[in-house]
Amino acid sequence: MEPGAGGRNTARAQRAGSPNTPPPREQERKLEQEKLSGVVKSVHRRLRKKYREVGDFDKIWREHCEDEETLCEYAVAMKNLADNHWAKTCEGEGRIEWCCSVCREYFQNGGKRKALEKDEKRAVLATKTTPALNMHESSQLEGHLTNLSFTNPEFITELLQASGKIRLLDVGSCFNPFLKFEEFLTVGIDIVPAVESVYKCDFLNLQLQQPLQLAQDAIDAFLKQLKNPIDSLPGELFHVVVFSLLLSYFPSPYQRWICCKKAHELLVLNGLLLIITPDSSHQNRHAMMMKSWKIAIESLGFKRFKYSKFSHMHLMAFRKISLKTTSDLVSRNYPGMLYIPQDFNSIEDEEYSNPSCYVRSDIEDEQLAYGFTELPDAPYDSDSGESQASSIPFYELEDPILLLS
C-alpha cells in the first residue's frame, strides 16, 4: 500500500460520515420540525392543564382566543409544518388528498347513490321483519320510504345538486389547503388565519341562522361574498365540513361535541363530515376510542360512510342522514364519548412529555414503525353493515402526528 494511503482513506471515511448519520441538511430539517411541533404541542398541553385546574372550558377558550401572540405563533408553526415537513414525509398518506378522494367517490362516482340505495333496502327490510307497528311508527316509516323513493322528484334533485361545485367548509383551516382544488367552493375558517384567504372565525361560538331558501347558484354567490370576520352562517349551507386535526385541539370532550353538532346543522341532508384526528399507534390499539366516537357522532343524526387508519392518524367520513339532531343526552353521556387519550393524563404526565425532557430513541422509532399498517376501509364501513372491534384504551402523552420522522 502507498505510504499514507490508509490515513487518506480514514479521513475520507470520516468526511463521508457514518452510514446511519443523516446529512447535515436533513439534521437541520428534523431539528426545525421538532422545534415547530414543540410550539404546537405546548399550546395543546397548556390548554389541557388549564382545563384540569379551572374546569370552565368557556372561560379558558375565551382567554385562549384573546392571546393573539400565542395564536399567531401557533398558526405560523402549523403552516410551516404542513408546507415544509408533512408534505415530504406523508407520501401516499396525505390527509388533504384523502378528503378529496372521499368527496370524489361520494359526490361524483356514485358513492352517495349507493349509500341511499342501501338506506332504501334497509327501510324496506324493516317493514318486513319488524312486528306490527303502531300507527305513528308506521306513518313515520312510510314517510321515510317516500323520501328515499327513486321516483321522488326531491330525491332526484338531491342527487343532482352536487353536479356543480362542492361547497366545503374547512374548520381550523390555517392555510386553506382545499382552495387549489377546482371541484370545491371552499370556505376556510380559523381563529387566527395563516393566510389572507382564510376567514377569521371562532367556530365554537359561531351563531347559526335559518337555512337560505335560494337556488344553488345564488347560494354559491352568497358564499363568495362573505364578510370577514364570520360571526354567523345559515344552516344547511355546505355539502362537506372538514375537521382536520381540529377536535384534539380542544381540551374538553364537550367542546368536540359542540363542533360536531354545529357541523350537522351546517350540512345539507346527505352531506359529509370528514374528521381527521392524530394517532401513531397501530390500527387496533385505539379501536375502543374510535368505536366510542362513532356511537357519539352517529347519535347526532350521522352514519359513518368510511373509515381509514394511516400511520399517524384516523380518518372518518360521516354522512348526515337526518335533518334534525337526534341525540338523547338524558339516557347517555354522548359528549363524554368524544374523548382522546390525553384527556386521562395527569399534569405531571403532561410535563414529563415535554420534548426537552424526553426524546424517543431510534430503536423505539423502529418498534413504532413496525406496527404501522393501513386499516382497509371495507370491513369498518358502517354503510356495509360492519362494526369495529374494541380494544383496551391506551393513554398517549403526545400528538405524534406532529413528528412524522
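Each residue, glycine too, has its Cβ placed from N, Cα and C.
Residues annotated as S-adenosyl-L-methionine binding site in Swiss-Prot: Arg95, Gly172, Asp190, Asp202, Phe203, Ser244. Here the Cβ of Ser244 (S-adenosyl-L-methionine binding site) has 23 other Cβ atoms within 10 Å, regardless of which shown protein chain they belong to.
According to Swiss-Prot, the compositional bias 'Basic and acidic residues' annotation covers 25-34.
The feature region 'Disordered' is assigned by Swiss-Prot to 1-34.
Around the Cβ of Asp202 (S-adenosyl-L-methionine binding site), the number of neighbouring Cβ atoms within 10 Å comes to 16.
Residue counts for the compositional bias 'Basic and acidic residues' (25-34) under DSSP (helix as H, G, I; strand as E, B; rest coil) come to 10 helix, 0 strand, 0 coil. For Asp190 (S-adenosyl-L-methionine binding site), the count of additional Cβ atoms within 10 Å of its Cβ stands at 24 [all protein chains shown]. Gly172 (S-adenosyl-L-methionine binding site) carries neither a helix nor a strand DSSP state and counts as coil. According to its DSSP assignment, Asp202 (S-adenosyl-L-methionine binding site) is coil.
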